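Written out below as structure tokens is the structure these notes cover.
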């Protein structure tokens, strides 16, 4: 294996086995990941009356995951392009775009969970139509800043690899000021700042849940201390009288903690998705930063190989969401019940004809 560089040009020779293995991995992730992301979108929009802001952002996350997996599936063919054409740059620019959309969706989900749990009074403004529209437009348009200039060669620049015949997001400081400044902005505004925002939001959610549990425990201990001689029967009788006299207030008070529990459950699911994304994306980011400082043919090939590791997050996200979703569990239980009832009650009964002697009247 040898490698030479000339600006954004790489000569990287690999054997045929690498291309075959890459195609196997891409096909596997394509078959496993795309249907799961489509299933997430189906369960999100199955009941149009129950759609929330979090459902819309989760569906956007699933769409970006699925599209990222689809457009990446064409990298394994070698060679693909003889030179660094615009088609070559579009092929690597599209997955970069959907990857950034994926990160911004997780950032928006973290911020909205923070607002819903820590400052719920501000959630009314976010849930309005113009708020949802603005959030959706920003999530899908801001990543264009980091993709369109590269595709058309105005800012940054993809590296072309001879032998593989593809363009890669491999950057080096020797490629000039535009490439260096682009990579620094990419690290700051796509990796570092969103990660810090997501981590801060979930940390604040954790502190708020911890404070809420502390307040509940203090309230229970103060109640038991104020009336230690009251029997459980009398406390239950007083509670029943109070609740029966305030039916309207009871339903409103009950709805608020239920919504809070649902928001916390969604936040836990999103934390798992974020951690999975970080585990799958961190090795690629570390090697990419190393190649920016001092790259070799082995590290460039390692970055290309670690690109397949990033598929893990895109494939695991929908399964994490589905197995932790109440809608999916209720749907599976409902379908299982319907199948059991269909097999139990749809048994065909054949009529039995009695002999004529038993049907004849006595003489």
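FYI, residue positions are counted from 1 along the chain as it appears here.
Glycine is no exception: its Cβ is also placed from the backbone N, Cα and C atoms.
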Could you check which of 181-203, 204-226 is flagged in TrEMBL as transmembrane segment? 181-203
Averaged across the domain 'G-protein coupled receptors family 1 profile' (36-321), what pLDDT does the model get? Just tell me the whole number, please. 79
Close approaches to the transmembrane segment (20-45) from elsewhere in its chain (Cβ under 8 angstroms; 6 or more beyond its ends): 51, 55-56, 58-59, 62-63, 65-66, 69-70, 72-73, 75-77, 308, 311, 314-315, 317-319, 321-322, 325, 327-328, 331
How about the transmembrane segment (181-203) with the transmembrane segment (95-119) - do they touch, taking at least 3 C-beta pairs under 8 Å (6 or more apart in sequence) as contact? yes
So if I exclude everything within five residues of the ends of the transmembrane segment (95-119), which remaining residues of that chain have a CB under 8 angstroms from its CBs? That is, six or more out. 53-54, 57-58, 60-61, 64-65, 67-68, 71-72, 126, 135, 138-140, 142-144, 146-147, 150, 169, 190-191, 194, 197-198, 201-202, 204-205, 208-209, 260, 263-264, 266-267, 270, 273-274, 277, 310, 314
